[in-house]
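Working notes, beginning with the structure itself.
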Amino acid sequence: MKMKKIPASSLTQREPLLDNILRPKNLSEFIGQQKIKERLRLIINGAKKRKEPIDHILFVGPPGVGKTTLAFILAEEQKVSIKAVSAPSLQKTGDLVALLTNAPENGIIFIDEIHRLSSSLEEILYSAMEDRSISFIAGKGPGARVLNFKLPPFTLVGATTRPALLSNPLRDRFGFIASLDFYSHEEMVEIIKRSQKLLGIELSEDGVHEVAKRSRGVPRIANRLLKRIRDYIEVEEMEIIDKEEVKKILDLMGIDDKGLDDLDRKILFTLRDKFSGGPVGIKTLAAVLNESPETIEVVYEPYLLRIGFIQRTPRGRIITPLGLSHLMRCSNG
Ligand SMILES: Nc1ncnc2c1ncn2[C@@H]1O[C@H](COP(=O)(O)OP(=O)(O)OP(=O)(O)O)[C@@H](O)[C@H]1O
Ligand SMILES: [Mg+2]
């Protein structure tokens, strides 16, 4: 396989196109999360028999593990339409009412980041989900009226990285809550092998394992690394790319052998050098790093906790001996 040189500008333009190519389109293309896939198949088949839309489903899990992908797969598997919105785009009652009353018959309404819905909009959803009706007050003062609407049969699919922020009544109205976890090394290897084919590149077996090692169990990160490797291959006109090349490219990108990036390491260095290893509260840590506490908590912390580099204590975060020895290696390297 020999690839042509292409101008750097076209690399960024085709990014959304590549994302679309990489996204699994049906359940059998979706790798891992076996139990969840089985359950979804059951739900889809049951609903098909009863000729009803499937139960409302909530996907929970860290960023980049396939929540949005599964929502679209649900529509594809049933051959129904899907309308996708992000909760922050629903500001007023009217926004949500318009979305619900225009629900595709037997189709899916997908609300991403559903934890960011305001409580008044959450309340409208309760009855919409429970008995497919909505009632709300239109207008103000003496002219105010209660309006009732019946909705077509539909399925609400929600996705969230922060399930604890959802109210209990909303959570209870989902028929199935699917918690997606980080992927195992073997699953990441399978995902990377699938993606490299779709991207038209070829990594050696140990090259694939190296990318898996540095992708922190998140398919989106693996795909991002592969796209950068692809850019590199195209510019350098290389054929098969082996472990040493992968290491070189990812080191260049600042991704170390544990999959940590610059901000991960900055978190660890800050804990060690500015707070004598901790404990330090998440807000203080975020302020020092000039990041939002949410980014630290949702995007960075779960992985650092998982690999045992930091710990949560009642008084805040601390760096562990494992985290400290990783920093020693970084500063020596
Ligand atoms: N199980 C999987 N098998 C193969 N590819 C996957 C899988 N899960 C995710 N991906 C890939 O990772 C990308 C990111 O997934 P997706 O956008 O569904 O994540 P998400 O959980 O919705 O993230 P966010 O919380 O940031 O919205 C997808 O475009 C897809 O290409
Ligand atoms: Mg998503």
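Backbone N, Cα and C define each Cβ position, glycine as well.
Same-site candidate for ATP binding, as annotated by TrEMBL with L22, R23, G64, K67, T68, T69, R173, Y183, chosen from R132, R220, R224: R220.
Each of the binding-site residues R173, R317 was scored by the number of other CB atoms within 10 A of its CB, and the lowest score belongs to R173. Broken down by DSSP into helix, strand and coil, the region 'Head domain (RuvB-H)' (257-333) contains 47 helix, 9 strand, 21 coil. Largest CA to CA distance in the ATP binding set (L22, R23, G64, K67, T68, T69, R173, Y183, R220): 32 Å, whole number. If you count neighbouring Cβ atoms within 10 Å for each of the binding-site residues G64, T68, the highest count belongs to G64. Look at the region 'Small ATPAse domain (RuvB-S)' (184-254): DSSP puts its residues at 52 helix, 2 strand, 17 coil.
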